[in-house]
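Peer 1: Below is a structure I'd like to ask you about.
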Amino acid sequence: MAQNGQGIEPAVLDDIINRLLEFRNARTVRQVQLSEAEIRSLCTASKEIFLHQPNLLELEAPIKICGDIHGQYGDLLRLFEYGGFPPEANYLFLGDYVDRGKQSLETICLLLAYKIKYPENFFLLRGNHECASINRIYGFYDECKRRFNVRLWKTNTDCFNCLPVAALIDDKILCMHGGLSPDLTDLDEIRNLPRPTDIPDSGLLCDLLWSDPSREVKGWGMNDRGVSYTFGSDKVAEFLMQHDMDLVCRAHQVVEDGYEFFAERQLVTIFSAPNYCGEFDNAGAMMSVDENLMCSFQILKPTDRKPRFL
């Protein structure tokens, strides 16, 4: 592909990936010190690819789908150990790469590097934390400032503003970070969302990244997050029927087993950060979709061993 590695020499890109993977079998999760120029070049090259590809990605199975990572870099490496390091498998990540965990920079750098190296096999969606007003507060800004400078945080923000927001797998599985929206009646509405863009406080883009399913509501309800809506199983069934789809696949909420079904298996939540924040005893999961659109789950068990950061 012409856009493959645009702006980064393939040998330089491979060197960055090799350094990021250097500690993949170590018992301790170490910091990987890339230069500011290297991180900047990852942001610039990947941004070009994101804008070259549609806002609603149209993908084919087989593919592995991962939920929130939140800077838990050691767990991201464990996911790849389980699922196969790219290009062994195709991947779709559902957003929330940064904040809360200690290694947001390593996490986003490896994901962007794989996006540049394998643009047609490796896909990243935007989560609600890929937004300046959120990651300014929950850790990513502080990590950028501590390890580099505020300018690098702004470079990442420019990149995040170009991420696609949804993916459709074989016309049957719709994937996004948050959930459905009362403003979503036609998939062209997703395709036509402008980029680059910040995330607004309401409307379709906001809902795709912020809404949550709820067993307590029918239709649309208030969301405790103070942003967007909750939606009942009736809205999931209605949406799938109208669009001749089988499944909504989303992330955005910690679930004990790493995955959780809703609405008679018409929606699944995937969360891929085990022992989230060191405060939860949740597992992490990755969903494998095979050629026949059969879904199975690979589980990262919560580990008793707290990683030591060097």
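Just so you know, glycine gets a Cβ as well, placed from its N, Cα and C.
Heads up, here are the entries from Swiss-Prot:
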| type | residues | note |
| --- | --- | --- |
| ACT_SITE | His129 | active site, proton donor |
| BINDING | Asp68, His70, Asp96 | Mn(2+) 1 binding site |
| BINDING | Asp96, Asn128, His177, His252 | Mn(2+) 2 binding site |
Peer 1: Setting Asp96, Asn128, His177, His252 aside, what same-chain residues sit with their Cβ within 8 Å of the center of the Cβ atoms that define the Mn(2+) 2 site, listed in sequence order?
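Peer 2: Residues close to the Mn(2+) 2 site, other than Asp96, Asn128, His177, His252: Asp68, Leu94, Gly95, Gly127, His129, Gly178, Leu209, Trp210, Ala251.
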Peer 1: Given the Mn(2+) 1 site residues Asp68, His70, Asp96, which other residues of that chain have a Cβ within 8 Å of the mean position of their Cβ atoms, reported in sequence order?
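Peer 2: Going along the sequence, the neighbours come out as Gly67, Ile69, Gly71, Gly95, Tyr97, Val98, Asp99, Arg100, Gly127, His129, Ala251, Phe271, Ser272, Ala273.
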Peer 1: Within 10 angstroms of the C-beta of Asp68 (Mn(2+) 1 binding site), what count of other C-beta atoms is obtained when all protein chains are considered?
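Peer 2: So the Cβ neighbour count for Asp68 (Mn(2+) 1 binding site) comes to 29.
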Peer 1: CB neighbours of Asp96 (Mn(2+) 1 binding site) within 10 A?
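Peer 2: Excluding its own Cβ, Asp96 (Mn(2+) 1 binding site) sees 28 Cβ atoms within 10 Å.
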Peer 1: Specify the nearest of the binding-site residues Asp68, His70, Asp96 to Asn128 (Mn(2+) 2 binding site), where nearness means the distance between Cα atoms.
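Peer 2: So, of the listed binding-site residues, the one sitting closest to Asn128 (Mn(2+) 2 binding site) is Asp96.
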Peer 1: For Asp96 (Mn(2+) 1 binding site), what is the secondary structure by DSSP, using just helix, strand and coil?
Peer 2: coil
Peer 1: Give the number of CB atoms, excluding that of His177 (Mn(2+) 2 binding site) itself, located within 10 Å of its CB.
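Peer 2: Taking all protein chains shown, His177 (Mn(2+) 2 binding site) has 26 Cβ neighbours within 10 Å.
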Peer 1: Go through His70, His129, our recorded positions, and report the one whose Cβ sees the most other Cβ atoms within 10 Å.
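Peer 2: Counting Cβ neighbours within 10 Å, the top one is His70.
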Peer 1: Tell me, by DSSP, whether His177 (Mn(2+) 2 binding site) is helix, strand or coil?
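Peer 2: DSSP assigns His177 (Mn(2+) 2 binding site) to coil.
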Peer 1: Under 8 Å between C-beta atoms and at least six apart in sequence, can you list the same-chain neighbours of His252 (Mn(2+) 2 binding site), or say none if there are none?
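Peer 2: Long-range Cβ contacts: Gly67, Asp68, Leu94, Gly95, Asp96, Gly127, Asn128, His177, Gly178, Gly179, Leu209, Trp210, Asp212, Thr269.
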Peer 1: Where His70 (Mn(2+) 1 binding site) and His129 (active site, proton donor) are concerned, what is their Cα separation in Å, rounded?
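Peer 2: One finds 9 Å between the Cα atoms of these residues.
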Peer 1: Among all the protein chains here, how many other CB atoms are within 10 A of the CB of Asn128 (Mn(2+) 2 binding site)?
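Peer 2: Counting Cβ neighbours of Asn128 (Mn(2+) 2 binding site) within 10 Å gives 25.
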